[in-house]
Each structure stands twice: as C-alpha cells, then as structure tokens.
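Everything on this sheet refers to the single structure shown next.
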Amino acid sequence: MAAMFSFNRIGTSIFIFTILFIVLLHFRTFRTQHQPAGTSIPAGSIYRLPPKTDPNKFDWARREQRYAVQHFTTLPAPSGQHLPQVQYAFNKTESRTAERERKQRLAQVKLTMARSWAAYRKHAWLSDEVMPITGGKKNNFGGWAATLVDSLDTLWVMDMKKEFAEAVDSVVQIDFSTTSQETVNVFETTIRYLGGFLSAYDLSGDKRLLDKSLELADMLYAAFDTPNRMPISRWDFHAAIRGEEQFPSDHVVLSEVGSLTLEFTRLSQITHDPKWYDAVARIMDVLQAQQYKSLLPGLWPTIVNSRDMEFFSQDSGQVYSLAALSDSLYEYLPKMYALLGGSTQYAQMYFGAMDAIIQYSLFRPMVKEKDQNILITGALRVEGGEITVQPELQHLVCFAGGMFALAGKLFSNDTHVEIGSQLTNGCVWAYGISPTGIMPEKSNVVACARGQPCEWDESRWHQAVYNDLPFDNRNTNATETIRRQRLPAGISAVNDPKYLLRPEAIESVFIMYRTTGDRALQDTAWKMFRSVYAHTRTDIAHAAIVDVYNKTAPKDDSMESFWTAETLKYYYLIFSEPDVISLDDFVFNTEAHPLRRIDSIRGGGW
C-alpha cells in the first residue's frame, strides 16, 4: 500500500508538473503573440531621443522650428470603458479535417512570404524594393529599406523570428538624415515606415524600433513647420535641412493630408509626448469644421487646399469618393475612434461621411450571376447642382467593406455590418468573373437604378460597352470590344487592367471573417490566394500583372512592399487562430500594420 501510495503520489506530481509546463508554454506563446516584451514608458514621463553624436548626420530633433507650436493639443482621455466587441465569439472546437486544411493553407501562405522575403534579402537588401523578374532593386520611397521596415510585423506575426531579428539588427543602418530623392511623400513614409516601426514595437517590445520611430517622426515633423501647421505632402527634404521657409500646397490629395492620424496618435500614446498627436489633431479639427461646407455635405473633395486650409470647395466638377485620393481618410475615422478608446469627434465625422455615401454613392451592379447580394460604391461628381455616380469599381475601394463592418461592430450598427458584407461581395464577384480569378485596378460596371436590383439584360450591357468607348473609337462595335478586351459579363470597360499585388479585397474578406465568423469566407480567401499565387509567381518571388483579363499577359517587374506588408499578412491571418492579432486588441493602419488599442481586452495601455 505504501509503495502504491508513493507511486500514485509521484505520478500525480509528474502529471501536475506536465500540466503546469503546458500552461506556462501556452502563456509564453500567448504573450509572444499578443503582448509587447519590452518595458513600457513610465507614466508621467515623456520619452525622447538623446541628441545625436555623429557630426556627419543631420539631427532632425534639433532642427529649429520656424513656426513652433506654443500650446499642444493633448490626447483626449479614453472613455474608461471597453468598446463593443468587434470580433466574433469563435467556438474553439474545430474538426480535425477542418484544422488540417486550415493549417495547410496557412503554411502555404507562410512559404510564399518566406520565398518573397528571401528574394528581397538576396537581391535588394536595405533597398526599397526587389524587382521580382530580373532580381534588380528599386528605391522609390526614400531609399530607406521600405520592404524591410514594411515587413517587420509580418515576420513577427508569421513566427519568422530569425528573419525578424536580422531585420531589426539592420534597422540601425537606416539613415533618415539623407535621401537620394528630390521630394519625400510624407503620407507614404508615414504609413509604411512609421507604421511599420510602431507596429513591430507594439508586437515585440524591442526598444530599438521605438527609437527608430522617433528618429523618423522627428524628420516628418519638419514637414509640419509651415505658417498654418498644415503638412507639406510632397515635401522638399533638402530645403528643410537648409532651413528654408516652407508653405503647404493649394492642391493636395485628400488622403495624403488626412491619413496621418493613427501613426502619430499611437506615437503620442507610447511616448507620452503630446506634440505628435497635436500635429495631426490640427488637421482633423479643420476637416471636422468644414465637413458640411462642401457641395456634397458630409464629404470632402478628393483635392483640397492646405495652403489656405480650405478642405471644401464650391467649385463645380469636384469629385467625392471612397476610392483613390480619399480612401484612407475615411478608413481612419472609425479606427481612430477605436485607437482612442472612444471619441465623439471621430464618431460624428464617420457617420456624417457615411450617411452621404449611403445616400448617394452605393449602387447595385447588373450581373449575370443569380443570387448575388452585391453593392458597389462609385465616385460622385457634382456639377451644376447635379450629383452623378460614376460606376467605376477600383481595387483600392475594396477596403470599404471591411471599414463598414469594423465600424458597424464598434458602433453596434448592424446596418453598416450588412453594407460591409455586400461591398465585400462586390469585390469577390469581380475576382470571380475574371479569367485569371483576379480583379483589375479599375473597371466600369453597369449600374442598376438607384437602390434597386435589376435583371440581366445582354443588350443593355452591350450598349454600356459601346457608351464607354472613347469617342474616336466608336466605329468599333460592342461585340468586337468584348472579344478583344476579354470583358467578362457585366464589365463595360476596363480602365486599368493591371493587378499590382494589392491587398484591399482580401483585407475586407479577412475583416468580414473576423467580425461575422463565417467560415465560408476562408474558402473564398483560399480561392483568391490560389489565383493570385498562380498568376503572379516568378522565378524568385511574385510580380504585378499587366492585364488580369489575359491569362498569357506579361508580368511587370515590380513587387511593392505592400505585398509582404499587407496582402500576405491578411491571407495569413484569415487562416490563423482568431486570437492572433485580434481586432479587439489591435487596429490596422492603412498599410496593415497592427497598432495596439489602449482599451485592449488583454491590457497593454499607454
């Protein structure tokens, strides 16, 4: 009995030890996935970089501001309450067959990332982009290793920790005191570089990444040194170093001036330095004050005047859109609400804009397929008091489905979630009807009457194809145009047939999956991925496609950094466990960099 008792006691001890080990291992993995490993900045202290000691490198932090801010707008206090849950309450049970299939898909996406990363590492290390056909390299974004910085969080999320460590070790070599380019695109630099550094810091806690964020932010802050503190979007970097006076432009792309908020706000949250938030809050205050002064109240025109701080226009012919030139401004409204833990300002701006979009911009396309619950958002033109919808579907606007779904969850608005679902369906439809299984950059569809579905009408489609022909080419009939351009049924024109490895469609599919729990969307994503993989693969990586309606069309020698920063990340996350980068813990910037929410269910505040 004693021997039996001892054996049972030993067995029990081993069992308990094993359970504890598994729990600790799970906690360690959970922490790695969800919590920064570094120590946060102590409350009440402002974190800034010490002065540079290298006399050969310009220190942006010590550059004297000609129009220095005297009083900073501080971060608003969070509501103190958790916002509504965004993610679907996933059931942890999964059949072995489903789990095996999901993990196989996950592994294939990771292999694609590993191959793309290896090509960059071998052929273009510390350059902005690798050329995926010739193995050359490009420097289109300042020459500061755009693909490396843009991909940091992807490497972390995919558990490519060796590659991540090597990349972070190389970050110190990036020199933001010099560039070979004449001008710097402040928007692109913010979303790709600053967003990349901050996200990688939020995930890993590696303080070197925070320091690099500040080094870059000090540089970008000089672009705000104008008489009205509006930033210069296409900024003369070298003139700023020389101390020359700067003025914002009177012709600025709306998204470029209005989509800096997430990154600068998150930097203020981490460092407790209000100047970063102040820089972007000034822009948003002007946008809010002028939101209902335009010819289409609630929306801002795609081109605005930063010099005179006129973000509305009474000029006829203005375009209002969720697509190119405007997209990320609207995308950031609900995301800023989430990042700030609730904000009346951003809630009001979001609903003011979306009420106008719902009223004027959304329409149903005429499609040949049955039972298609589809919406598309078109660009709006206002001339002579008349509002017309341009029935163009852009790949860039495919983000809108995810935006509506995310906002619908944040604001407990089921109507917006449903709109998001139908907009996402529209982009999935555009992928599905293409000969390659990939939608083009820009195409025209045939719009049904306002808010109404319509039956397929072959003759009406042909008439729309003819109407979309250039005036100097009207001697060609619609049938010949459809044959020559390989137009799928329902597409009346292809304005730009390329696919640039963009992420917006899979982004919305991913967000719809995470917010609704609809597992059929994983099959949708896999079908999309297989098409993209098959038609973009090169000998070393993946390349843009010249014409998605032509299966034998050549590829373009281009692989922009958003392929590894966004597209592959979203494909990976839709097949990962749902708590990996939960939408209740993080908000994605427009370059798919997850930034930690201060009201995160798992903690990790300022």
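Quick reminder: no glycine exception, Cβ is built from N, Cα and C everywhere.
Same-chain residues at least 6 positions away in sequence with a Cβ under 8 Å from that of Glu188 (active site, proton donor) are, in sequence order, Phe141. In three-state terms derived from DSSP, Glu188 (active site, proton donor) belongs to a helical segment. Taken from TrEMBL, the feature active site, proton donor covers Glu188 (among others).
Annotation source TrEMBL lists active site at Asp327 (among others). All protein chains included, Asp327 (active site) registers 24 other Cβ atoms within 10 Å of its own Cβ.
The Cβ neighbour count for Glu441 (active site, proton donor), using a 10 Å radius and every protein chain shown, is 19. The active site, proton donor annotation in TrEMBL covers Glu441 (among others).
If you look up TrEMBL, you'll see Glu504 (among others) marked as active site. According to DSSP, Glu504 (active site) sits within a helical segment. All protein chains included, Glu504 (active site) registers 26 other Cβ atoms within 10 Å of its own Cβ.
Residues or ranges marked as Ca(2+) binding site in TrEMBL: Thr590. Under DSSP, Thr590 (Ca(2+) binding site) is assigned to coil, being neither helix nor strand in the three-state scheme. In sequence order, Ile191, Gly195, Ser259, Leu262, Asp327, Ser328, Glu331, Tyr332, Phe399 are the residues near Thr590 (Ca(2+) binding site), counting only same-chain partners six or more apart with C-beta under 8 A.
As annotated by TrEMBL, disulfide bond applies to Cys398-Cys427. The Cβ of Cys427 (disulfide bond) lies under 8 Å from the Cβ of Leu393, His395, Cys398, Gly401, Met439, Glu504, Ala505, Ser508, each on the same chain and at least six residues away in sequence.
Among the features that TrEMBL reports, transmembrane segment is placed at 7-27.
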